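What TrEMBL records for this protein:
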type	residues	note
REGION	205-243	region 'Disordered'
TRANSMEM	34-56	transmembrane segment
TRANSMEM	77-99	transmembrane segment
TRANSMEM	157-182	transmembrane segment
TRANSMEM	266-292	transmembrane segment
TRANSMEM	298-321	transmembrane segment
TRANSMEM	333-352	transmembrane segment
TRANSMEM	414-438	transmembrane segment
TRANSMEM	482-501	transmembrane segment
Amino acid sequence: MLWILSKLPELGKGDRMWHFAVSVFLVELYGNSLLLTAVYGLVVAGSVLVMGAIIGDWVDKNARLKVAQTSLVVQNVSVILCGIILMMTACYIMIITIANIANLASTATAITIQRDWIVVVAGENRSRLADMNATIRRIDQLTNILAPMAVGQIMTFGSPVIGCGFISGWNLVSMCVEYFLLWKVYQKTPALAVKAALKVEEAEMKQLNSPKDTEPKSLEQSHLMGGKDSNIRELEPEPEPTCASQMAEPFRTFRDGWVSYYNQPVFLAGMGLAFLYMTVLGFDCITTGYAYTQGLSGSVLSILMGTSAITGIMGTVAFTWLRRKCGLVRTGLFSGLAQLSCLILCVISVFMPGSPLDLSVSPFEDIRSRFMQAEPVPPTTKIPEAGFTTEAPMSNVSNIVNTVREISTKSEPMISVILLFAGVIAARIGLWSFDLTVTQLLQENVIESERGIINGVQNSMNYLLDLLHFIMVILAPNPEAFGLLVLISVSFVAMGHLMYFRFAQKTLGHQLFVCGPDEKEVTDENQPNSSVV
């Protein structure tokens, strides 16, 4: 029962609906350009980059139930507010701001549930931990199938306003369900009430408040004689921290978190995972927006996202099988090879008929025209002037959808888009298997008192590379430059897997290519007990 309850909180996640819908909304709000979606991604990535270590430190220093419930409420309430705002107005600045808060809360939720709670529930059984990681990821992928399909169909055959209302209502209900399930798991797992970081702080406070090893009699004599003992000074409370010290605390947390992350034995594995975020070859708002400009409707996009979720589930199955047969570290090697092999299709798609790649068009033409000229540059595909603007009512969105659908029926070949998404979808098998590998490496080799801050810095590293890819799109937002972005993305994915190969080589040595379930321990001078299965 406990094993099942530890996975049920993931079922209520409604932010997947918002993640799919916001990219389509932002493309329509800014006249069929990827610029606004890139700005949104830039804000989200920059916030997690700066706040990742601080959020992780907050997770470490507070009780598990308090952290989980607080982050859950903030996340869902923020998504609900975004949905209500979109139904009332088209103020994208407010939408991006509140959506960013929701993402920060989602980061805290992911760290505490998927990096801490699950390790405590699994105990010392690493095989059980692997199965639980894979099961949670399957549930996560299941939401990727159902959420986009539901919202995509509602937006296509209903209206964006109805879609916003559905998202807000779903998050309200799911928040209550998740809140209750988190409390049930906490009640049925006594180990969750005990936290290493809190025990360390409690021990330090006891040490500070306890008298030194002095004779009780001599201490009483010193009081009677009116004398002052040097030990009495140590019993006095410490002075209150100054304002400057309190202001500098987040910066010290940021610095200490990154230094500790660098010293981890799985540093190269984490860096390899982070480099996979420097890509436009995923179902984020950039790729969704690009597909939308190429004539794919919201309904088709939702089906593609559902298909990618199915291949992601296949990746979790591959992870558990490979780990049993070859061990955890080698699983990452095979997963990386599978991902790179599938991404070759994306490289080929850049040069196939129907690709908008045009090196004669400056990649900076769109952004230069929008920021340095009075009139915006017309999009590559002509959209009527009656299209959606920031002042237009939400009912005009249907005009854009119908126009794009008409454009997609023209004689322009679709083989490039087909190959692109075939490669992206197939690569999810290797991607999610590799992601689970690095996730478990971090779970097994980071001490309990540092799980929050180390995983917070890992999220910051992920978003740092994600930030670079959004900057890249902001500088070259026109569809003609998307092919160059694909080539750059594949290069960064290859570099990430090379980093992981170096980690595996240092870990396994001459047994790197000796397939088997037993692997030597990953040791570090400062952490001799950390190991890899």
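Start at 1 and count along the chain as shown; that gives each residue its number.
The backbone N, Cα and C atoms fix where each Cβ goes, and this holds for glycine too.
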Segment proximity, the transmembrane segment (414-438) to the transmembrane segment (298-321), 3 or more C-beta pairs under 8 Å: yes
Positions on the same chain near the transmembrane segment (482-501), where near means CB under 8 A and six or more residues out: 268-269, 271-276, 278-281, 290, 332-333, 336-337, 339-340, 343, 346-347, 349-351, 355-357, 363, 420, 434, 438, 465, 469, 472-473, 476
Interface present between the transmembrane segment (266-292) and the transmembrane segment (77-99) (three or more C-beta pairs under 8 A): no
Residues from the same chain, set at least six apart from the ends of the transmembrane segment (266-292), whose C-beta lies under 8 A from its own: 19-20, 22-24, 26-27, 32, 34, 37-38, 40-41, 144, 298, 301, 304-305, 308, 332, 336, 343, 346, 404, 417, 421, 423-424, 427, 431, 434-435, 437-438, 441-442, 445-446, 458, 461-466, 468-470, 472-473, 479, 482, 485-486, 488-490, 492-493, 495-500, 502-503, 506, 522, 532
